[in-house]
Amino acid sequence: MAEISLRDVRKSYAGIEVIHGVDLEIADGEFVVIVGPSGCGKSTLLRMVAGLEEITAGEIAIGGRVVNRLEPRERDIAMVFQNYALYPHMTVRENMAYGLRIAKLSKAEIEERVARSARMLELGQLLDRKPRQLSGGQRQRVAMGRALVRNPAAFLLDEPLSNLDAKLRVQMRLQIKELQRTVRTTSIYVTHDQVEAMTLADRLVVMNAGVAEQIATPAEIYDRPATTFVAGFIGSPAMNMLPARGLGDALEVAGQRLAVPAPAGRDLILGVRPEHLHAAGPEEPGFELHVQAVEWLGADAFAHGRLADGTDLVLRTPGKAPVRERDRLKVAPDAAALHLFDAETGKRL
């Protein structure tokens, strides 16, 4: 195991910078998830750590050793890819042992490592099968087993669950979490799926257009997003964003005055998560929501509607709550769960 350090890491293609000075310190044994939309630079950043992409500027160190000029095989890392990358003509046992044979480990050591990893990943009954005889989830476990047997300093996982169906993704998430709890190997995991990110990570790196917008624990990112991008990306449905105007001792939002101190004369964004809206009392300041659609999910329902000024709003309600399309509701935000952002910069106040 080892710590991983990225210092002002940059990447350019044809003179155009696509990764803009990322700084990240990953502790020994920590599980860090890099999350963001397609094209944000998360896989490029992972590939630079792996040595599959050259860095344009900055420094990457693994276990205190600068690896900028080292080949992937010299970095003591193991990668797990989205497409499994298994040898189709080899059995599960042979796939898992292949890298160890190349490293010229003894037969006894290879057998012991394969057997131990197979037990961890519940692959014992599959060791003599070929990849074509396995399900998608089983293939991904074999790919993880092949990485695990190497006892690397770090695991790098690039969207490993993307090819699996929803049920298998849940199963594999739980297995990855249990595996990390057992082996405590330093890991960087890339995904666009916020559920994977929130459930697996010790810390998250939220990427946007080559910039690490926020690096924090899942709870901190959900409760105190640093920017409107982070607030809108993490959480489903996304946080409601309401144009607002600071009045000093209050906030003007959608024609209503809320008793929320805010810089006078400043254009702001008020962020409210769907679960932090409630039915307003008769004397309570609130917004009239014209419900246009209701998504019923069983335990919960999401009412999608529009305010008088045309702003879209989503309200989370209990699944049994009698909210219907075309209803008009008076709703108010929970005062303790408001988020204020600068309208120009998008940064949290």
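Any Cβ shown, glycine's included, is placed from N, Cα and C.
According to Swiss-Prot, the ATP binding site annotation covers G36, P37, S38, G39, C40, G41, K42, S43, on the basis of sequence analysis. Per Swiss-Prot, domain 'ABC transporter' is recorded for 4-234, and the stated evidence type is sequence analysis.
Within 10 Å of the C-beta atom of G39 (ATP binding site) sit 14 other C-beta atoms, taking all shown protein chains into account. Around S38 (ATP binding site), taking its Cβ as the centre, 7 other Cβ atoms fall within 10 Å, counting all chains. The DSSP secondary structure for K42 (ATP binding site) is helix. Look at the binding-site residues G36, P37, G41 and count other Cβ atoms within 10 Å of each Cβ; P37 has the fewest. Least crowded of the binding-site residues (C40, K42, S43), judged by neighbouring Cβ atoms within 10 Å of its own Cβ: S43.
Predicted-model confidence for the domain 'ABC transporter' (4-234) is 94, expressed as mean pLDDT. Taking the mean position of the Cβ atoms of G36, P37, S38, G39, C40, G41, K42, S43 as the ATP site, the remaining same-chain residues with a Cβ inside 8 Å of that point are H192, M207.
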